[in-house]
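Trainee: Feature list, courtesy of TrEMBL:
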{"type": "COMPBIAS", "residues": "1-21", "note": "compositional bias 'Polar residues'"}
{"type": "REGION", "residues": "1-45", "note": "region 'Disordered'"}
{"type": "COMPBIAS", "residues": "36-45", "note": "compositional bias 'Basic and acidic residues'"}
{"type": "DOMAIN", "residues": "51-202", "note": "domain 'PurE'"}
{"type": "BINDING", "residues": "59, 62, 89", "note": "substrate binding site"}
């Protein structure tokens, strides 16, 4: 798996390697590395390819959830960038990212946030690219605050919102793959193969019950 990493000017000390180890134990052959706080890392199926999907998150603690989106994108060979951008602590960086994303070749943005989860909506307000919001489970309200913050957007500024937590992050990546597949027949075929594999797993489960 080719990886292109931007220069690191910020310490990623909030990560202790546990998240990567957990991803490997969960079956990821090359678990995605944690994102930097400000500098995007680019990963995917070609070192020279510009990322088509941007995975952003409101804080380093959201990585435990958002790594599932990255793992899924890697499964389909989709080049992506990942970055920590806080709507509240780095609003200027958020605005710059949103304004420049299309010019950078980004086609879909996956934004994860918890609590007062304003990141997906605020990014969507500043770009016409499709934005998929992932509610990260919070300690205080088990993710209900995150979900309602993301899903209750005013008419005119849509954010496609997935389920709370890890399954939501996985589905966000699958939705991004589906969007990219509209203009990429090979990617659409991969997605169909994935769906077929899910059917096969159900058939195998039924066979084991008999």
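Cβ atoms are placed via backbone N, Cα and C, with glycine included.
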Trainee: Among all the protein chains here, how many other CB atoms are within 10 A of the CB of residue 62 (substrate binding site)?
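Mentor: So the number of other Cβ atoms within 10 Å of residue 62 (substrate binding site) is 24.
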Trainee: For the recorded substrate site formed by 59, 62, 89, name the remaining residues of the chain with Cβ within 8 Å of the site's Cβ center, in chain order.
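Mentor: In sequence order, the nearby non-listed residues are 57, 58, 60, 61, 84, 86, 113.
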Trainee: Please average pLDDT over the domain 'PurE' (51-202) for the predicted structure.
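Mentor: It averages 98.
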Trainee: Report, as a single number, how many Cβ atoms besides its own are within 10 Å of the Cβ of residue 59 (substrate binding site).
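Mentor: By my count, 19.
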Trainee: Let me know the largest Cα to Cα distance in Å among the substrate-binding residues 59, 62, 89, as an integer.
Mentor: 15
Trainee: Ten-angstrom check, please: count other Cβ atoms within 10 Å of the Cβ of residue 89 (substrate binding site), all chains counted.
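Mentor: Around the Cβ of residue 89 (substrate binding site), 12 other Cβ atoms lie within 10 Å.
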